[in-house]
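The active site, nucleophile feature in TrEMBL is assigned to SER160. If you look up TrEMBL, you'll see ASP331, HIS360 marked as active site. The domain 'AB hydrolase-1' annotation in TrEMBL covers 63-366.
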Amino acid sequence: METFTTRVLGGFRLNVGMYVFVPPGASQDIFLGDSPPHFSRAIMRDVEVRYNTFGRLNEARDNVMVVCHALTGNARLDTWWSSLLGPGQAFDTDKYFVVCANILGSCYGTTGPMSRDPATGQVYGPRFPHVTIRDTVRLHMRMLKEAVGVRSVASVVGGSMGGMQALEWAFLGLSGGGSRGAEAGESGESFVKSAVVIACGARHTAWQIGISETQRQAIYADPNWQGGAFDPAAPPVQGLAVARQIAMFSYRTSHGFENKFGRARAEDGRYEVRRYLEYQGQKFLSRFDALTYVRLTEKMDSHDVGRDRGGVDAALRSLRIPVLVIGIDSDVLYPLHEQEEMAGLIPMGELKVVQSRNGHDAFLLEQQQVGGAIAQFLRKNQL
């Protein structure tokens with residue numbers, strides 16, 4: 001299914017394509033072959049991938065930039081990294097054909113837990129397979145090749161969960177990159193020429209898994225959860241709202257909270273910080289569901305570039321493309337030392353530090369710093 005529109009963004013007129021990719025014919029099955037020991041391998045049929053494009057694909061089909069979204073994001077790149085997108089910006093639509101695809105297991109158009117299983121006609125629900133970051137990247141890479149006809153990718157960019165995807169693109173796009181299922185370009189060269197990895201680590205640590213698990217436990221404690229097989233008319237909204245409130249602490253900083261709220265109270269006597277958290281929780285309910293949230297946080301916990309590659313250090317040392325690693329000096333969720341270590345192990349790795357009091361969310365909020373670092377990296381490497 002294809003539709004075409006022209007969208008005005010920041011004074012620029014962009015050529016925008018909105019698509020759904022369905023693997024055709026006999027190749028329609030998606031084998032989920034990258035499974036940690038506690039995940040079951042699975043085959044999914046008739047998987048759909050929703051993606052948006054910005055700019056135009058050149059004749060050589062190699063001016064492609066892939067942008068990967070974060071945990072609760074979507075393929076509408078122009079709504080969450082808007083100042084980075086457009087002519088002359090980091091994602092220069094006069095130069096690049098920019099592609100942003102919704103991840104497998106999400107609730108924004110790509111097949112996920114709340115989609116209908118074509119084999120049964122019923123919603124997948126808790127029967128939806130556990131999928132990994134690597135599974136998603138394999139699927140998106142297939143989409144680019146089969147649906148778009150891309151020959152190579154100039155750069156893959158992502159922040160937070162999107163950064164995890166960008167790392168996997170770097171490995172899976174290598175020719176002989178020490179990875180099972182590596183994908184080479186037509187000439188035998190790397191299919192992916194560079195990567196920008198923002199505000200994440202090379203694997204999910206105990207700290208990050210613990211934060212995810214705390215959020216999931218809030219959902220499990222909601223009596224409406226029912227093991228994920230909840231009544232759509234009575235979903236576990238209280239648990240999901242609390243999970244979102246917990247997440248907000250890991251996205252910001254104590255300094256930021258103190259500056260914004262202090263000990264101020266609203267007219268009804270509630271602390272302003274409580275009102276803010278309740279607002280964030282309720283707002284989230286209008287755009288996400290509990291089962292999708294549980295599965296996507298589990299997906300993040302599966303992140304480990306060292307799996308089947310000899311461990312993290314060996315894997316990172318095997319990369320042979322330029323990789324820009326961007327860290328945030330105030331990030332509580334993915335501390336700066338993780339990006340420092342990662343950049344130090346990648347042979348062509350480069351580190352850039354964003355200065356901010358906004359914590360992890362600075363990858364979205366400090367767009368001038370982030371965009372400037374990306375643009376400089378692309379120019380330096382003549383991409």
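Including glycine, each Cβ sits where the backbone N, Cα and C put it.
Curation plays no part in TrEMBL annotations; they are all automatic predictions.
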PLDDT averaged over the residues of the domain 'AB hydrolase-1' (63-366): 94
If you count the other CB atoms within 10 A of the CB of ASP331 (active site), including all protein chains displayed, you should get 25
Cα-to-Cα gap, SER160 (active site, nucleophile) vs HIS360 (active site), nearest whole Å: 8
Whole-Å Cα distance, ASP331 (active site) to HIS360 (active site), is 4
Provide the three-state secondary structure of HIS360 (active site) computed with DSSP. helix
Count the Cβ atoms, other than its own, that fall within 10 Å of the Cβ of HIS360 (active site), considering every protein chain shown. 25
Specify the count of other C-beta atoms within 10 Å of the C-beta of the residue listed as 'active site, nucleophile'. 25
